[in-house]
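Chemist: I'd like to ask you about the structure that follows.
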Amino acid sequence: MRKFFLRRRNIKISEENIAEYHRRTEEMQKKRHSYLKQRLEALNDGIIAIIITIMVLEVPLPNGQNIASYYNFLGSLSVFLVSFFVVANFWYELGQSLALVDEIDKGIIIFDFVFLATLSLLPILTKWMMHNPSQLAVVNYGIVYMVANLLKTWLAHSQFRKVLGAKNNISKMMTKVIIGRFVLTAVFNLLLIVAAYFYPQITLYAYLALPIIDFFFPEDKTPQKKF
């Protein structure tokens with residue numbers, strides 16, 4: 001028995017064995033990250049579908065033959081349609097970002113969860129604007145809309161860094177572009193929030209128009225097409 005343990009201790013692991021171990025470990029990591037990406041995309045689709053369903057259920061039905069109630073219904077329906085395009089546009093751009101990579105890590109998953117949590121606030125804020133399009137309702141909607149936009153922009157940036165690498169010149173150029181877009185998005189949305197405080201009705205119409213324009217506007221040449 002003692003000789004057996006001495007033999008076990010004297011076993012030498014060749015470089016080929018070590019290389020094979022690392023290769024198999026990397027393959028397992030890739031499979032796991034690829035599987036996580038598929039699950040994350042399915043989770044995104046499911047949560048966003050639930051968000052849209054909740055929003056449409058919040059539309060109040062008209063009360064009998066009351067014309068005022070019918071106008072209120074049309075107004076609430078328009079708010080829902082705009083919020084639908086907001087969520088649909090976020091879903092599309094999130095899918096575009098995730099399509100850039102074959103694998104994801106835990107950092108991207110955490111960022112995605114924070115983004116989904118922010119997006120999940122839209123149904124209650126949409127309901128608030130449907131029933132009472134007040135100053136506070138529009139401001140809060142604007143804050144959530146801004147945070148979701150910033151998270152979406154930074155998530156796209158992290159995907160580009162993963163594809164291009166962190167140290168090459170193209171990645172550095174893209175980092176400057178994304179940071180510039182991040183700052184512009186923040187400034188523009190902050191201006192809308194300030195406008196919502198003083199002119200809630202006008203800003204509400206801006207929030208109605210911008211997502212539709214953004215959703216239907218022809219795509220620019222995205223960086224992945226250039227490379």
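Every residue gets a Cβ built from N, Cα and C, even glycine.
What TrEMBL says about a protein is an automatic prediction, not a curated fact.
Sequence annotations record features per position, and here TrEMBL assigns transmembrane segment to 42-61, 73-92, 104-126, 138-157, 178-199.
Describe the structural context of these features.
Modeler: Panel annotation: around the transmembrane segment (73-92), residues 44-45, 48, 51-52, 55-56, 58-62, 119, 122-123, 126, 129-131, 133, 145, 148, 152, 207-208, 211-212, 214-215 of the same chain, lying at least six beyond its termini, place a Cβ under 8 Å from a Cβ of the stretch.
Packing against the transmembrane segment (104-126) from elsewhere in the chain are residues 33, 36-37, 40, 43-44, 47-48, 51, 54-55, 58, 79-80, 83, 86-87, 90, 94, 98, 137, 140-141, 144, 147-148, 151-152, 154-155, 158-159, 162: each is 6 or more residues past its ends and has a CB under 8 Å from a CB in it.
Same-chain residues lying 6+ beyond the ends of the transmembrane segment (138-157) with a Cβ under 8 Å from its Cβ atoms: 86, 90, 93-94, 96-97, 108, 111-112, 114-115, 118-119, 121-122, 125-126, 128-129, 174-175, 178-179, 181-182, 185-186, 189-190, 192-193, 196-197, 200, 203-204, 207.
Long-range contacts of the transmembrane segment (178-199) within the same chain: residues 135, 138-139, 141-143, 145-146, 149-150, 153-154, 156-157, 160, 206-207, each at least 6 residues beyond the stretch ends and with a Cβ under 8 Å from a Cβ of the stretch.
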Chemist: Short question: which residues 6 or more past the ends of the transmembrane segment (42-61) have a Cβ under 8 Å from it?
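Modeler: Same-chain contacts beyond the flanks: 72-73, 76-77, 80, 83-84, 87-88, 90-91, 94-95, 98, 112, 116, 119-120, 122-123, 126-127, 130-131.
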